[in-house]
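Now, the feature entries from TrEMBL:
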BINDING   Glu74, Asp117, Leu119, Asp120, Asp247  Mg(2+) binding site
Amino acid sequence: SMASPALLMRVVASAYSVAEKAATIVRNVMSAGDLGQDEKAGPNDLQTKADRLVQMSICASLARKFPKVTIIGEEELPTDDVTEDLIEDGHCEEILKKPCPAQYTGIKEEELVIWVDPLDGTKEYTEGLLDHVTVLIGIAYGGKAIAGVINQPYYNYEAGANAVLGRTIWGVLGMGAFGFQLTEAPAGKHIVVTTRSHSSALVNECIAALNPDHVIRVGGAGNKIIQLIEGKASAYVFASPGCKKWDTCAPEAILHAVGGKITDIRGNSFQYNKEVKHMNSAGVLATLRNYDYYASRIPNTVKESLVP
């Protein structure tokens, strides 16, 4: 008989279904018309009812199935009992059928850390820029991002009333990434994607030094990585400390699974073990291809301004 699927594949298969449930919650909160938003630390740091409900749903659903896994979410939430209607216990059969990469077959539950951003691009969500919004579930082992799920609840939202809303992208290192069409940015064009709402003199100085043909300003780290893997941008550059581990874990796993690279502005890789500090204080530099070209053009003044 078939051996039961490796733990990692079970976690990813569950995270896929949990992310689809999360997308439904996001859409329901929006269509009900009351976002219930509060400012956590000012007008650019919002939390909505969707952030809270989605995080409870994701964390409780995964913790119930994988009780020894460490799960770290963006929102500080009470650990009260979560209502059953928020629990998703399904999984994606297609993912379970795929063989686990050999280097991950022996992983135990207590060795995994899951980083959850329930609603990446909250500010954009509150402003109706719905395609910027993603749900991020990143899976780390040995301090490295090894698997991830990115759900876009409003993918296709401008395609008309009969369009199927939303999609789920997922990937595992050593296996690849699925749910989208991998596309490279136009050769010889330098298209930089960067922050929309967290700009600064340093952010702009860094971008200017790259002499880009075009700059795209959008919300959400998940959304920016999607711009890279779908060929809409050639580099994601953010010379600022605003980004956190739950913003980068899932996108990093997907980008690395298709041969891309993400580091901080100084070229250091991100660590995802459970003891690590949550802030990516030295910014983000990511590309699908040609990482060295962009890394070599980051000014030393910018690097020196950002302390890891």
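Placed from the backbone N, Cα and C atoms, the Cβ positions cover glycine too.
Because the structure is a prediction, the values reported are computed rather than measured.
Leu119 (Mg(2+) binding site) is surrounded by 29 other CB atoms, counting those within 10 A of its CB over all protein chains shown. Here Asp120 (Mg(2+) binding site) comes close to Val133, Thr134, Val135, Leu136, Gly220, Ala221, Gly222, Asn223, Asp247: these same-chain residues lie at least six apart in sequence, with C-beta atoms under 8 angstroms from its C-beta. Most Cβ neighbours within 10 Å, among the binding-site residues Glu74, Asp117: Asp117 holds that distinction in the structure as shown.
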